[in-house]
Amino acid sequence: MQWRSIVVGLVVLRLSLSCVLWLAFGLGPNVSWGFNFPLGFSLHKLDLLFRDEKGIDPKGNSWSQRIHGHIHENAATTCANVGEASTKRSYLSFFDGNKDEYVRRYSSFPDTLKAKMKDMAKDMFYFGYDNYMKYAFPEDELNPIDCKGRGPDVLNPSNININDVLGNYSLTLIDTLDTLLVLGNVTEFHKAVKLVIDTVSFDKDSTVQVFEANIRILGSLISSHILLTDPKHPFGKVGFDDYDNELLHMAHDLAVRLLPAFENTSTGIPYPRVNLKTGVPPDSINETCTAGAGSLLVEFGILSRLIGDSTFEWVARRAVRALWNLRSNETGLLGNVVNIQTGQWVSKQSGLGAGMDSFYEYLLKSYLLFGEKEDYRMFQAAYESIHNHMRRGRESCNEGEGDPPLYVNVNMFSGEIMNTWIDSLQAFFPGLQVLNGDVDNAICLHAFYYAIWKRFGALPERYNWQLQAPDVLFYPLRPELVESTYLLFYFLLCFDTLKDRMESFFLSETCKYLYLLFDEDNPLHKSDNKYIFTTEGHVVPIDKRFREKQWNDLFPCEEGVLAEQEPNKRPPPSNTSNCNRIPEERRYTLPLKSVYMRQIDNMVGLF
């Protein structure tokens, strides 16, 4: 029966993801990847797990008190003191025969297992893709248990969980295009591109979310067009003779249909939804989330620079600036939901997860793509505010005493904790920290999410760090933790019920990052050119043509936008290796000391 195949597929996913996450904790010197893994550490005291200080400031370093209450008194000898005495010794040298449980578990990843995981990732992708094409195409998604296709819920227009995403435009096929190239299947890629060109139209009476249509459809069309026409051919010669820029024309057509969202809004922040045929619905709400309105610049900006029309980049950049100007004067933080007409914050929660995640991501990626200094100045200021007000725990990830670092949801105006949960979307943030060069903080946050995965076998959609339990009990095969694992690894190289829905991001992102993690010979890794992934996982080259505009500067510095970078601020991230940032004595070992890995495991209830 089909449902049994689905169960098998989910089991394979869980096993492969668990193996994937080994990589984030280091590859020992016995692994023949051809690189030196640039991390190593001095020993810290193994019996130091938790230290309690009475009268903890609610904004201070101790968040575990909310879980454990009072613990033990401080010992006379601190971790820092032990570390100072042995700064030049390898961390592994302190363990006779590598007896430490974390060293045994994470210090090697055999080539045979790597090859097996690569094949499992490929099989998992084709299991989903083939069944979508067999049972669901041309509809948007596959219901994997019923083996039927799914489109918009026309009988219930208020079902935005479905209708925001599904637009009756073969979503899964479009969203999957560049994954086929990543897996090396040029023949199927050509077939899929021709199917999209021949069968998909956006002239539909479908009301969709601007954000979802942008990242899933527009982003994939642009990415696939670039890969088809890229003269550098990272995947070999993948163009075909009769291709006449149809995907680019389709992207332009879709973007034009999204433009009404930016009209008749007093702030410049777009409406959340449009009807692809008629524009903004008459009953449209005036509220949108920060990520939904502020994560359009990458796709809209690339489109503008490909076709020489500034309109799309202009409206997307105007929305980002409008949101930025609404940040708190006290903390520098933004809220989660805003009224697009009044500019008043409807939700004052500030965090890194749902509703805000890709806003930060696109500030940095827009800078990397377009080279606009304004984008990086905004990102730098936002990142500083995040660390000043959301981050709890000890100052250093891998040194000292105190609770492990954790980023919590706070009030945007006061910086006070608003609740005790974090969500699975926040697992993207370690990958963004890697792109920004903040590797130590990326390691700690990644380790925290990995510990949650180890306990539950998946990432709960929402996890309560005070109760050490999920608040929302499902896992829709999200890619964020796999994405951060992939970025953390490669950038450092020198539940209870089945849900009858396969979201397009499973094929577009989750399977893609899993496969790339194990495919060291992939053209993306071997190419002399640099690439980034959009927030939906679509491949986009960092190309000088995207740093050139065919129009005069239409975005003069406005009130509220940051001035030039002060001399004492850290420079923007570059594309150079991070290896030279790691001291020699901190190489070739686990990225996070066992004492801190054990501490994090304890914090999520593994011990």
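Cβ from N, Cα, C; glycine included.
Lifted from TrEMBL, the feature list:
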ACT_SITE  Glu212  active site, proton donor
ACT_SITE  Asp357  active site
ACT_SITE  Glu461  active site, proton donor
ACT_SITE  Glu480  active site
BINDING   Thr535  Ca(2+) binding site
REGION    562-581  region 'Disordered'
Cβ neighbour count (within 10 Å, all chains shown) around Glu212 (active site, proton donor): 20
List the Cα distance (Å, whole number) between Asp357 (active site) and Glu480 (active site). 11
Closest of the recorded positions to Glu212 (active site, proton donor), Cα to Cα, picking from Glu461, Glu480, Thr535? Thr535
The sparsest Cβ environment within 10 Å, among the active-site residues Asp357, Glu461, Glu480, is found at Glu461
Euclidean distance between Cα atoms of Glu480 (active site) and Thr535 (Ca(2+) binding site), Å: 10
Quick one: give me the count of other CB atoms within 10 A of the CB of Thr535 (Ca(2+) binding site). 25
Reported as an integer number of Å, what is the Cα distance between Glu461 (active site, proton donor) and Glu480 (active site)? 11
